[in-house]
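**Q** According to TrEMBL, the feature active site, proton acceptor maps to B:ASP102. Here TrEMBL flags B:TYR188 as active site, schiff-base intermediate with substrate. Summarising the annotation, TrEMBL assigns compositional bias 'Basic and acidic residues' to B:318-330. The feature domain 'Copper amine oxidase catalytic' is assigned by TrEMBL to B:48-412. Here TrEMBL flags B:TYR188 as 2',4',5'-topaquinone. Feature annotation from TrEMBL assigns region 'Disordered' to B:300-351, B:408-450. Residues or ranges marked as signal peptide by TrEMBL: B:1-28.
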Amino acid sequence: MTRFRQWAWGLGIATTSAVTAFGVAAWQANAAPTAPTPTVAAEQPRVTDPSPLPEAATGRGSDALTSGEVATARAVALTPQLAAEAEDVTGKAGPEYLSAEVDPEAGGRQAELYFYDYKTEKLVKQVVDLKTGKLAKSFAATGMQPPASEQETKTALELLVADPLGQSLAGMDGLVPTAHIYTAKPADQGASQCGKSRCVQLIVQTEDGEFLSVSEFVVDLSGRTVARLK
Amino acid sequence: MSYRKLVGATALLTVALLGAAVPAGAQAAPALPCSAASTVKEKLPNGTTWQLCWRIHDKAGLMLEKVFVSTKLNPQPVQVLDSIRLAQLHVPYDTGDMEFDDLTDLGMGGYFLETLDGDDCQGGSARVGSDGSGDPQLRKVLCVSAEPSGLAYRGREQNWDENGETSVLSSKQGHDLVLRTISKLSWYEYVTEFRLHDDGQISARLGATGDLAPETEADAARGWPIGKGADYKATMHYHNAFWRVDFNLDGKGGERVDQYDTTLDGRGEMTAKLKTTRTAIAKEGTFSKVNQRWWRVTSQSSKNTDGHPRSYELVTGGDDRYEGHPETKPDVTFSQKNPCDKYASGNASDPECPVDNRTVLDFVKDKEKMTDPVMWVRVGFHHVPRDEDQSPMPMHWQGFDLVPRDFTAMNQLTPDERAGENGNPQPEPSDEPSEPVPSSAQPVPSGAGG
């Protein structure tokens, strides 16, 4: 069922009158040599406004992965070996879960799940065939650092607050951290291990909207240390 | 009978034949490979319909896939794009102390994607979809709206005959189907926008708003005073945006890339002669603008009803080229489609792919022959802060256009009274307009199939 928002276009009557107005003006232009240039109100036409559908259990084709598909894929991707041998950002057993995306070019429904293993400093990619519910392929490599998870961002802020360099922060209350992945640049003096190690640059916003630090601090999540750039 | 009236009659006949030439069922919708919730299909007031699949990618943000267009004159939907999306947003500050690859260091989707609120989608439809995060949330993230785009065309045809002067005015308001999402990356907020015009043009642009980076003071060579006096100078910086564009013209794929250059070529009787030449770009490479240079991606198997190969032209506008990295210098890169080529920089993020495949320069370094080209478009904006940037910062935009070139035999919005005017522009009527034969007299079938 399609419904239109009333504020978007009145009740559709305006559409009719606008079209009619143009039709008349155009007709006049055809008939009379000195007809005025037709004017069309530059009103915004409506688009459809479908009611949101409940989330499907499974997606189709290039649809984003549904939460059900992600849950299924995570269960398959987290093999007993990975669960036992890998470590997350807090040092617990099991890899740090980062992201899940659909691969529509794979032909069926395939989920690509990314994890970071802090024990081996490897990015792990698990490809799950959602039709069969089986792990289709598995890859791992060092030196690859996709964006941080929420848990990694929180951990980075905790490390900064606990560090002498973060003494200006009076606890974590009300702070909103943003964690950019940081890869060491050639001229980097303070955190040259970053890239091989998993590091983030923290931008911290306080409750009143102020930003506390910009690029000064780099938190090495692998080494659990805080460095100051410059 | 005036000459124009005769042309008008021909045009009517052409229109009638056009109508008759549309086979039954030709307007069947393409089978989009996505569900209803991730489909956008909207008809604009001039009769143009765009349909596509959309989704949010955690790093690239809004992606459009399988983009089809149909118009009143060409009612069969024809595919234009396989996909279009951002490919990087590189933000280096002029002090050299800070730079970000926002797509691959943070991501435009996931929890950086804003839920539409306030006036974000005024007059449009806020669509619910997954935010693409690892723990997907259904939220109102995509704004779909139809927006007036100004005067699409105007032409007045004047006639003189025994009854005096008459004229026919063709004047039409254009519209765009606009799709946009908003990502909040700490202080900056970015609008990812695709405008699908009713004449077949596609515009991709990135808007930046929010606030300037705080606490980034610079000297006068790298900063601009904001606030009272000159105590605090906000740092100048760049927004280098890259887009990945994968055409699939008429669903046939296998396009070729052409570069055109226009140069001086001696003198004519009154002024300079110019010469335009085509260079086929058969192999992967990076390319940059010089005066009077442009590129198009051309189908090798699909033609419009005039027998001309369908193509789309890359039209770039305002652009600041960042010279600080080799990969941000080229304006456009064409590479053979490869699933390992994802981001214009910071690309090494997939363990299934080589770790040294980092930037667009790596994508093309073996100069492979292209059978399925992907276009990487870079548009930079050097932001010199100004007092007006606070607060919030007025939106600043950067982007490019994809303009249909011979995609259809005529303007997709051609009104009925002009339907016969395809070909050599009409000659002026002679004193004895006995047998005017407009080059458009030959009726053409619907421009959809090939």
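Cβ atoms are placed via backbone N, Cα and C, with glycine included.
Because TrEMBL annotations are produced automatically, they should be read as predictions rather than curated entries.
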**Q** So for the residue listed as 'active site, schiff-base intermediate with substrate', how many other CB atoms are inside 10 Å of its CB?
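**A** The Cβ of the residue listed as 'active site, schiff-base intermediate with substrate' has 20 Cβ neighbours within 10 Å.
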**Q** How far is it from B:TYR188 (active site, schiff-base intermediate with substrate) to B:ASP102 (active site, proton acceptor), counting Cα to Cα, in Å?
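**A** Answer for this pair: 11 Å between alpha carbons.
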**Q** Pull the DSSP breakdown for the region 'Disordered' (B:300-351) and write it out as helix, strand, coil residue counts.
**A** 3 helix, 17 strand, 32 coil
**Q** Enumerate same-chain residues with a sequence separation of six or more from B:ASP102 (active site, proton acceptor) and a Cβ-Cβ distance below 8 A; give 'none' if the list is empty.
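**A** The answer is B:GLN88, B:LEU89, B:HIS90, B:VAL91, B:MET108, B:LEU185, B:TYR190.
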**Q** Across the domain 'Copper amine oxidase catalytic' (B:48-412), what is the average pLDDT of the model, as a whole number?
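**A** Here the mean pLDDT over the domain 'Copper amine oxidase catalytic' (B:48-412) amounts to 96.
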